[in-house]
Each structure stands twice: as C-alpha cells, then as structure tokens.
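Here's the structure, in structure tokens; my notes come after.
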Amino acid sequence: MNKALKGLGIITTIAMLFVLIGGALVTKTGSGMGCGRSWPLCNGSIFPALTLESIIEWSHRFVSGTSGVLVLALAIWTWKKIGHIRETKFLAVMSVVFLILQALLGAAAVVFGSSALIMALHFGISLISFASVLLLTLLVFEADSKQKSESFYIGKTMQFHMIGIIIYTYVVVYTGAYVRHTSSSLACLDFPMCSTENGWLPGKFHEWVQMGHRAAALLLFAWIIAAAVHAARQYKNQKRIYWGWMISLILIILQAASGIAVVYSRLDLGFALAHAFFISCLFGILCYFLLLVARYRRQVQK
C-alpha cells in the first residue's frame, strides 16, 4: 500500500485530534467570541488582533480549515485506492459530512449565537468525523495485513457491550459538553458528591448539570469495567478485542482521573484538555468495535 496514503491518514487523524482539543480550549478559555461576530474573518480581517482570545479562536479556525483539506484529500484518495473495501466509501462520506456539519455549527454560533443545548452537539459531531478518519486510516493499514480476512467470533453479550457502550458514550459526551457550555464545570467543588458543606445533593441548576454528568460517567465507567472483564475471560485469544478493551479500560480510568483533577485543581487547563483527549481516543476505539460487530454479522450471514 502507498506509504504516502498511510502518512496522510496518520497526519489527518492527528489533525482531527487537534481540532477536538482546540475546540475544548476555545470553550475552556471563553474564546468563542475572540473574533467577534465575524466569520470566516476575525474581527473583519484575515489576521486577528494580538489578544489571547482572538489568537485561540483564529488558531482553532485555521487548524479546522487545514484539517478539512486533509480530510477531503484522505476521503478521495481512499475512495480511489481502497474503495473495494466495503466500509471505505461510507467512512469517507461520514468524515467529510460531519466535518462540514461541525464547521457550519461553529460558524452559526459565532455569527448568530446559539444555545448551550445546541453547542453541546458541536464536540459530538466533531468526534464522529474524527472517528471516521481514524477508521479510514486503520483500513489503509489493514489493507496490507491479513487481519481483515481472518475469521473471528463475537458473542451476543460482547455485541451488546460494543453497541450499547458506544451509544451510551455519545450520551455521556453530550452531557460533558453541556457542562462546559453552561459553565457548570465548577458548580460542585467536592467529589464524589456535590458539596459536603451544603448537603450532598445538588440544589441549583448548574449543580444538577454537573452531578448529572457525573452519574452518567459513573455508569459508563462501571459498564466498561464489566466489558473489559468479559473480554479478559472470554476473548483473550482474540487480540483485537482483548487489547481493545484493555486500552479502553485504561482510557476510562484516565478520563475519570482527569475529570476529578479538573474539580480539585479548580479547572486547570491541562487537566481539562486531557479530559477531552482521553474521551476522543476512547470513542475512536469504541467505533472500531462497532466496525468489528458489523463485519462479524456479515461473516455469519455468509
């Protein structure tokens, strides 16, 4: 397989990660209006004034635009080069369509303004584009290996975990994005409960938003542990499934730890960006599991 195509896949995947982290940086630093109501220009000019907010917002737009070109190039190239692989064309379309959607949503928020409910979708839409690019890149590397042609087994319980967890993870991601866009990150200053001084249950809207996300994340944490234990017991000989769940377990632990650190560090930017990074990586792996389930079901039907 063309080494240049593999290189493009890796670069595009990393670029999309920067888009996700950059979006989180914009939100965490309150830089969403750093370029005013102007788009694609920044305060009516190509280059922004030298303020922190405008530089962060302009940089995010620049990285997103560059990533858009890379995603389009990867989609076209993989379509031509490995279009015979069943998932390629679907993923190519998904990567481009959802990247355009997230760009339009971001632009609309700048020009017209938007509610927290709508803006919380921005990160989730970007996640789908990132996962599509990641899977496209994996297909490129897979085309040179024998893994795709190997038969494998996924039982009903594991299929339930793989499908259920990816859907539920997307819900949890939305609640986390809603926490950011409603400025609820520090609504509860203790952990695991909201406050040991004013009672353990939340009393205000922002506290309910924060605790709702924590409750949803706790269930996801427990579910991934259960799936990882099942994989360790039943799928140790199937490396993709076994190691996929082991890595997912590590990522969800890091995700939880960074979330707790955000609270106790009083919104340290490094921990906040790590929180976005870990969930992005986890979502990518879970989407790969979804790909495996689809392949297994086709394998059974043959």
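Glycine is treated like the rest: Cβ placed from N, Cα and C.
Annotation source Swiss-Prot lists active site at GLU57, citing sequence analysis. Marked as heme o binding site by Swiss-Prot: HIS60, HIS122. The annotation heme b binding site is assigned in Swiss-Prot to HIS213, HIS275 on the grounds of sequence analysis. Under the heading disulfide bond, Swiss-Prot lists CYS35-CYS42, CYS188-CYS194. The feature topological domain 'Cytoplasmic' is assigned by Swiss-Prot to 1-6, 83-91, 142-158, 230-242, 294-302, with sequence analysis given as support. Annotation source Swiss-Prot lists topological domain 'Extracellular' at 28-61, 113-120, 180-208, 264-272, citing sequence analysis. Residues annotated as transmembrane segment in Swiss-Prot, with sequence analysis given as evidence: 7-27, 62-82, 92-112, 121-141, 159-179, 209-229, 243-263, 273-293.
Structural mapping of features recorded in Swiss-Prot.
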residue	record	DSSP (3 states)
CYS35	disulfide bond	coil
CYS42	disulfide bond	strand
GLU57	active site	helix
HIS122	heme o binding site	helix
CYS188	disulfide bond	coil
CYS194	disulfide bond	coil
HIS213	heme b binding site	helix
HIS275	heme b binding site	helix
Contact set of the topological domain 'Extracellular' (180-208) with the rest of its chain, CB cutoff 8 A exclusive, min separation 6+ beyond the ends, reads 24, 27-28, 116, 119-120, 214, 218, 260, 262-264, 266-267, 272
Taking DSSP helix as H, G and I and strand as E and B, the topological domain 'Cytoplasmic' (294-302) has 8 helix, 0 strand, 1 coil
Secondary structure split (DSSP) over the topological domain 'Cytoplasmic' (230-242) reads 9 helix, 0 strand, 4 coil
| said: Is it true that the transmembrane segment (62-82) and the transmembrane segment (121-141) have 3 or more CB pairs under 8 Å, sequence gap of 6 or more? | reply: yes
Review point. Have the transmembrane segment (209-229) and the transmembrane segment (159-179) got at least three CB pairs under 8 Å, pairs 6 or more apart in sequence?
Key: yes
Cα of the residue listed as 'active site' to Cα of HIS122 (heme o binding site), in Å and rounded, measures 15
Whole-number mean pLDDT, the topological domain 'Extracellular' (28-61), equals 80
Taking DSSP H, G, I as helix and E, B as strand, the topological domain 'Cytoplasmic' (1-6) contains 4 helix, 0 strand, 2 coil
